[in-house]
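What follows is a single structure, written as structure tokens, with notes after it.
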Amino acid sequence: MSKSLPYSVKDLQYDNAKFRQRSVSKVITQSLLTNTMRRDCVSCSTGKFLALLLIFGVGYLMLTHTSTAHSVSVRVADKLSVHGEGTNATGGNALFGRIGRKPPRLPPRLPPNEHGSHNDKAVHEPAKIDTDLGWVERQQKVKEAFIHAWFGYKKYAMGYDELMPLSQRGTDGLGGLGATVVDALDTAMIMGADDIVSEAGSWVQTHLSDLIKKKGQVNLFETTIRVLGGLLSAYHLSGGEKGTNVTYKGPKPVVYLDTAKDLADRLLLAFTSSPTPIPFSDVVLHDPSAHRAPDGLSSTSEVSTLQLEFNYLSTLSGDPKYSMAAMKVLEHMKDLQKVEGLVPIYISPDSGEFSGENIRLGSRGDSYYEYLIKVWLQQRSNRDNNFTYLHDMYTEAMKGVRHRLVKKSIPNGLVFVGELPYGPNGAFSPKMDHLVCFLPGTLALGATKGFTKKKAMEENLLNFEDLENLKLAEDLAKTCFEMYAATSTGLAPEIVYFHTEEYSEDGLDGGNKSSKYINDIIIKPLDRHNLLRPETVESLFVLYRVTEDPKYREWGWHIFEAFEKYTKVDSGGYSSLDDVTGLPPRRRDKMETFFLGETLKYLYLLFGDSSVIPLDKFVFNTEAHPLPIKGM
């Protein structure tokens, strides 16, 4: 760190005489008439000669000084004129203007580590502009990747749920409602990809309503977060209820809202058909009817990850039936027995009770915790209802995570979140799904409520527990990034295990021998695939917005470059990978809808201006569809 200069911010406000310009007459007066010796010298001939010499000398110095100062001010004026701020001193007038013109008063330089002044910001502005331009270019690269992914989907799979980029065809694995179209629509709106907005919007207007009436069985959770959430976000972003963009290409916003209501009316059967507030897992759209999963159980995360979407639809439609059905689930779960706020990953719609003892924040458990805080954020300005129980459930759960699930690896101490597959009295497993990498973002969001850390601290919004959660968020985000950096491809596997005192396996590293953490992370053969998942870049996006630390952008850029290098398909689209630890990696013939709906959206927002979809005014559903926060 450079040594501080002997100035402080206070010096900038202090009108010190040594920085004040003096007039020519004052210089002469003070030079000739301020003491007795000078008056004596003027009375003699020699003194008069010296006085005249002094006058001419001072005059010459003043003229040359003002001329030099003027040359500096002209250069400054030239720069200002680029931005439309010119100067009136031209031609001969400028020559006369030089005489007697005061050079600018220069304040003391601030030390490099002195912050908080207007001048400090100005000093650093050029470097900031250069950095911003670099991120604008990187953001454009993400947009180009999105266009390439859409090109492949449109060419080979338009109207299907997903693209198989290697075999160049489409597949319906999510009910056949064109999930990629709806998942990608609001991403295209945010990116300003107008042609794609027009193509996707026209497809929704022409085909989706008919498909909803004709299609068979769909999963309640997947259809809600991808299709219903995508339609509602598109409605808002396209100008519905005076949303953010009223000049986009595509159908009128009401098309998205009407389609969303038609779909939600059919999905409601999952709630009304169940004997308890816990909905069935599947709905047949054309009947319509609802059914249990084959084993009779619903996933905890699935039944508790519907509320953002149904709440917002009630707000838009004025019909409370959607919100009432969805919120009854969380109200019911509030009173169920938990382990320090932690819950098993299955629940029975018949008994309304949790089933089994498996506790984890990966698959079937993850978004239960995410929606506790996000639904509270969405509804916290609602004066008519009491939603504080959601915040209480979240707070208790995060305490349970820190107490029971957070451990450190050896030899280098990566912080990770493990599992309790046999309940609180069973053995701890150092297994962590990539899905768990949603947690850093959720922790940061819960700590600052969407504000920057700086603002939250200035307004005394953070308590000790918030600061603990924010520290855990940053530690876990580093671990999630190292899951990428430890592999040969720079892409994370679906699941990792961590080396601990109780658990180790040899010969199962990620392949990147230069990684510091290669001996901390264990990757089993069946877990080495990468599905283009978004959870890590989601957390990097939130943490950058909250902390304003540029390292999260840099980490995101490394991940994006790896996607570009190893998953891009020349003919269009991107592929999943079978094994991230070997080179060249084996490809898997699938481009998941969330690559366009989440991964590329979060990367684009990570590299962009923080005023776009601000976290204190929007909440992202678990499929990255931004919905406005009520009353904001």
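Cβ from N, Cα, C; glycine included.
All TrEMBL annotations are machine predictions without curation.
Note that the structure is a prediction, hence the values are computed from the model and not measured.
Sequence annotations record features per position, and here TrEMBL assigns transmembrane segment to 46-63.
The region 'Disordered' annotation in TrEMBL covers 89-121.
The C-beta environment of E222 (active site, proton donor), restricted to residues of the same chain at least 6 apart in sequence and closer than 8 Å, consists of L174, G175, A179. Under the heading active site, proton donor, TrEMBL lists E222 (among others).
In the structure as shown, the Cβ atom of D366 (active site) sits within 10 Å of 25 other Cβ atoms. Marked as active site by TrEMBL: D366 (among others).
As annotated by TrEMBL, disulfide bond applies to C437-C480.
Positions annotated as active site, proton donor by TrEMBL: E494 (among others). In sequence order, D433, H434, D527, R528, H529, N530, L531, R533 make up the list of same-chain residues 6 or more apart from E494 (active site, proton donor) whose Cβ falls under 8 Å from its Cβ.
As annotated by TrEMBL, active site applies to E535 (among others). Packing around E535 (active site) is summarised by its Cβ count: 24 other Cβ atoms lie within 10 angstroms of its Cβ, all protein chains included.
All protein chains included, T622 (Ca(2+) binding site) registers 26 other Cβ atoms within 10 Å of its own Cβ. As annotated by TrEMBL, Ca(2+) binding site applies to T622.
Here C480 (disulfide bond) is positioned 9 angstrom away from E535 (active site), judged by their C-alpha atoms. Checked against T622 (Ca(2+) binding site), the recorded positions D366, C437, C480 differ in C-alpha distance, with D366 being the nearest. Other C-beta atoms found within 10 angstroms of the C-beta of C437 (disulfide bond) number 29, with every protein chain shown included. Across the structure, C437 (disulfide bond) and D366 (active site) place their CA atoms 9 angstrom apart.
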